[in-house]
Amino acid sequence: MWSGIPIFALLSSIGIAAAETGLDGWLRYASVPCNGNCQRALPSHIVTLNSTRSSPVYVAGQELQDGLHQILGKHASVKSTGCSTDSSIIVGTVEAYRQVCNAGRQVPQFDVDGFWLSIREKSVLIVGQSERGALYGAYEYLSMLAQGNFSQVSYATSPHAPIRWVNQWDNMDGSIERGYGGPSIFFKDGVIRQDLSRVQQYARLLASVRINGIIVNNVNANASLLMPSNMDGLARIADIFRPYGIRVGISLNFASPSTLGNLSTYDPFDSSVIAWWGNVTDQLYARIPDMAGYLVKANSEGQPGPTTYNRTLADGANMFARALKPYGGVVMFRAFVYDHHISEDNWYNDRANAAVDFFKPLDGKFDDNVVVQIKYGPIDFQVREPASPLFANLYKTNTAIELQVTQEYLGQQSHLVYLPPLWQTILGFDLRVDQKPSLVRDIISGQRFDRPLGGWAAVVNVGTNSTWLGSHLAMSNLYAYGRLAWEPTLDSEDIVQDWIRLTFGLDRRIVDTLTQMSMESWPAYENYSGNLGIQTLTDILYTHYGPNPASQDGNGWGQWTRADHLSIGMDRTVKNGTKFSGQYPAEVAAMYENIETTPDNLLLWFHHVNYTQRLHSGKTVIQHFYDAHYTGAETAQTFVSQWESLRERIDAERYQHVLTRLIYQAGHSIVWRDAINNFYHNLSGIADEKQRVGHHPWRVEAEDMQLDGYVPYAVSPFETASNYTAIVTASNGTTGTASATLDFKTGTYDLGINYYDMYGGKSHWTVYLNDRVVGQWQGNSEDVLSHTPSIYLDGHSATRITFRDVKIHKGDRLKIVGKPDGVEPAPLDYVVVLPPGIVD
């Protein structure tokens, strides 16, 4: 019951708020109109059935008091005694409610962490099975008010699964692996930060969407976290999270007994190793009595693990589980285990097989407080993957799904990509174990196989940026993750509409516009990045950001496409290929084994086919590639105009922040489109039926302009430059000029310039028409955008700037002057002169 029809949602405009940084996220508690009658209908008192400041019930009272005041201008008193329901909000646990209030009223049934919310006129009851649940109920009530929803309700709700955690990949030096929102809020210079004020703000956000656990450090863990002084720092962090019902856990380095403890081994069967980990665990729980447990990445991507000593992964996990058992702690053991040195020359090699190969033989051998944490797909957070078959192969083992809020392969928060529709393709997938309904969401909850533990983990990676993730719009994914972890059957569109109202207000125009943009964003990104199950065609060897399809193949990482002159795709059939399809239960395996029953959107995941293979749509594979990439880029262009239509409805600071990123995405989507299409056009030799690929009548190639101080440069990968060539200044101390006479009909155009914005320099460019300045800009995207920068001319650094509504006469002289800086040689790719309504 998160949604309702907000009373004020039909207002055309609520007015523009003061500038906002985004720090409050969806907990802005922005003012909602509330007249005298409205004020009189609100409770005047808040009764918290616990006065201990570290109690989530106490926090609930403070949140309710602040929220009522900020949202509705209502001043409500807070007390911890009495139980009058007259014009009061009573918040507490079931036990406290029955004891203190001597309540004869029947309380509905709900599970641990669940709550009951009852709103009757001016009487509000918020009763949790635990103190954490009571806090969740308080946030639920405030969410309703903040959305203008004053409905009278009475319902109980319980979580889908007991584990609802977030993972942070924060390093001890303060950097964050795959983090795009600034440095760590936890660590700096090898120790825990002294200033942990952002941690409390993060705790509020997480608790408001019912997250109950956090791993604060990188899975590629540094053993120094286990030094006594850092354990003390972890206790400080845990003290901040505790009042919000969030338990803290840590990632461990398997070799810590050797690297930190000076033991000669880290064999999980060695008594000295077992004792060492037992002592570490004792020390941690002495400081953090409610510690959640450990997250372990072992024998993966160079990380140490038990197989070094011919022990199984279960042996390693159980060593930690037994140290945690007396304290009620949990081991989250990652299933992301594979060999990244396999040879593509062997047709039957397949990284996708690894999880089942490693873990299926161990089913039933993990202790009951071990949870195997499984990425949603068999590879690595790709734009589309089938559900991991490991979910269907662990009957006697607790499992959790691992999602990724941080957009490692999906635009790194510089592209708008709303992820829940992607996640729902996995959560709602029926694996048909034993020919019975076996939805992934029911497996991870423990319901399908009657397991005591299970749930959710998401790699989030917030940082010190005021937007938390590097983009205001990316916060919709964190919000939605919490919502889905509580109730995975929720509709993705309903969730984002709630987030929009809480983040940007009740203006119906804002809600409708952002809903459309959000729901179109993942399909658009899939279209211009990678289609038909081929994976995200990004540079897997470098930044995981821009296009580089060749990087998928010819190495041991196993994200292969097996693309050649005639054909493309992985043959994962049992009959001819890697036998991956056979890892699924029979009904699903049969669907994927047969090319006729394999969905088009996963065709190239399961089958190696000619480029001329016909899809169910009737198109060939290669023509689908061409069309989809154009369609996706065209959709991305519309995000700019849609957002601009909200200019007078959103505060200037957030408006400009989002606009900058959407303009960038519009340009970078064209970089993606052209790179992928040019690569496969060059590889296959098959022309685009619509004659778009390689044909750009509105472009002026930089290398074809008159150059002074600039020289041509062969870009690598070749497809990330129009006509495979850019221009750079002859030296880093030389100003370059590129000039051309424009042969376009007189009219008003958008003047676009594609260039490269490299890390390590901030070049400056000025554009002239007939010696009149049209505009200028600086290559400073590393200061503005969140994605991993590049030191090369490539698909990561390629970008576009557009000057709109430029009056151009046929025969005008265009001149671009570039001044290099640092290692950046003011590189240019091409100029495009676009008539109204044309997407280059």
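For all residues, glycine too, the Cβ spot is worked out from N, Cα and C.
Taken from Swiss-Prot, the feature N-linked glycosylation site covers Asn50 (among others). Shown in sequence order, Val57, Tyr58, Ser80, Gly92, Thr93, Ala96, Glu131 are the residues of the chain, 6+ apart in sequence, with a C-beta less than 8 angstroms from the C-beta of Asn50 (N-linked glycosylation site).
Using a 10 Å Cβ-Cβ cutoff, Asn149 (N-linked glycosylation site) registers 23 neighbours. Secondary structure from DSSP puts Asn149 (N-linked glycosylation site) in coil. If you look up Swiss-Prot, you'll see Asn149 (among others) marked as N-linked glycosylation site.
According to Swiss-Prot, the feature N-linked glycosylation site maps to Asn222 (among others), an assignment based on sequence analysis. Sequence-distant contacts (6 or more apart, same chain, Cβ under 8 Å) of Asn222 (N-linked glycosylation site) comprise Asn171, Met172, Asn253. Annotation note: Asn222 (N-linked glycosylation site) sits in a coil segment as assigned by DSSP.
The N-linked glycosylation site annotation in Swiss-Prot covers Asn262 (among others). Secondary structure at Asn262 (N-linked glycosylation site), as computed by DSSP, is coil. Taking a C-beta cut-off of under 8 angstroms and a sequence separation of 6 or more, Asn262 (N-linked glycosylation site) has no same-chain neighbours.
Around the Cβ of Asn279 (N-linked glycosylation site), a 10 Å sphere holds 12 further Cβ atoms from the protein chains shown. Under the DSSP three-state reduction, Asn279 (N-linked glycosylation site) is assigned to helix. Positions annotated as N-linked glycosylation site by Swiss-Prot: Asn279 (among others).
Taken from Swiss-Prot, the feature N-linked glycosylation site covers Asn310 (among others), and the record attributes it to sequence analysis. If you take the C-beta of Asn310 (N-linked glycosylation site) and look for same-chain residues 6 or more apart in sequence within under 8 angstroms, you find none.
The N-linked glycosylation site annotation in Swiss-Prot covers Asn527 (among others). DSSP gives Asn527 (N-linked glycosylation site) a helix state. The C-beta environment of Asn527 (N-linked glycosylation site), restricted to residues of the same chain at least 6 apart in sequence and closer than 8 Å, consists of Ala628, His629, Thr631, Gly632, Ala633, Thr635.
Positions annotated as N-linked glycosylation site by Swiss-Prot: Asn576 (among others). Every protein chain considered, the tally of other Cβ atoms within 10 Å of the Cβ of Asn576 (N-linked glycosylation site) stands at 13.
Asn610 (N-linked glycosylation site) falls within a strand when secondary structure is assigned with DSSP. A sphere of 10 angstroms centred on the C-beta of Asn610 (N-linked glycosylation site) encloses 15 other C-beta atoms. Residues or ranges marked as N-linked glycosylation site by Swiss-Prot on the basis of sequence analysis: Asn610 (among others).
Under a cutoff of 8 A between CB atoms, and with a sequence separation of 6+ in the same chain, the neighbours of Asn682 (N-linked glycosylation site) are Phe718, Glu719. If you look up Swiss-Prot, you'll see Asn682 (among others) marked as N-linked glycosylation site.
What Swiss-Prot lists as N-linked glycosylation site is Asn723 (among others). In the three-state DSSP scheme, Asn723 (N-linked glycosylation site) is classed as helix. Within 10 Å of the C-beta atom of Asn723 (N-linked glycosylation site) sit 18 other C-beta atoms, taking all shown protein chains into account.
Of all Cβ atoms in the protein chains displayed, 15 besides its own lie within 10 Å of the Cβ of Asn732 (N-linked glycosylation site). Marked as N-linked glycosylation site by Swiss-Prot: Asn732 (among others).
Annotation source Swiss-Prot lists signal peptide at 1-19.
Across the structure, Asn576 (N-linked glycosylation site) and Asn610 (N-linked glycosylation site) are spaced 15 Å apart at their Cα atoms. Across the fold, the C-alpha of Asn149 (N-linked glycosylation site) and the C-alpha of Asn723 (N-linked glycosylation site) stand 56 Å from each other.
The DSSP secondary structure for Asn682 (N-linked glycosylation site) is helix. On the backbone, the CA of Asn723 (N-linked glycosylation site) and the CA of Asn732 (N-linked glycosylation site) stand 24 Å apart.
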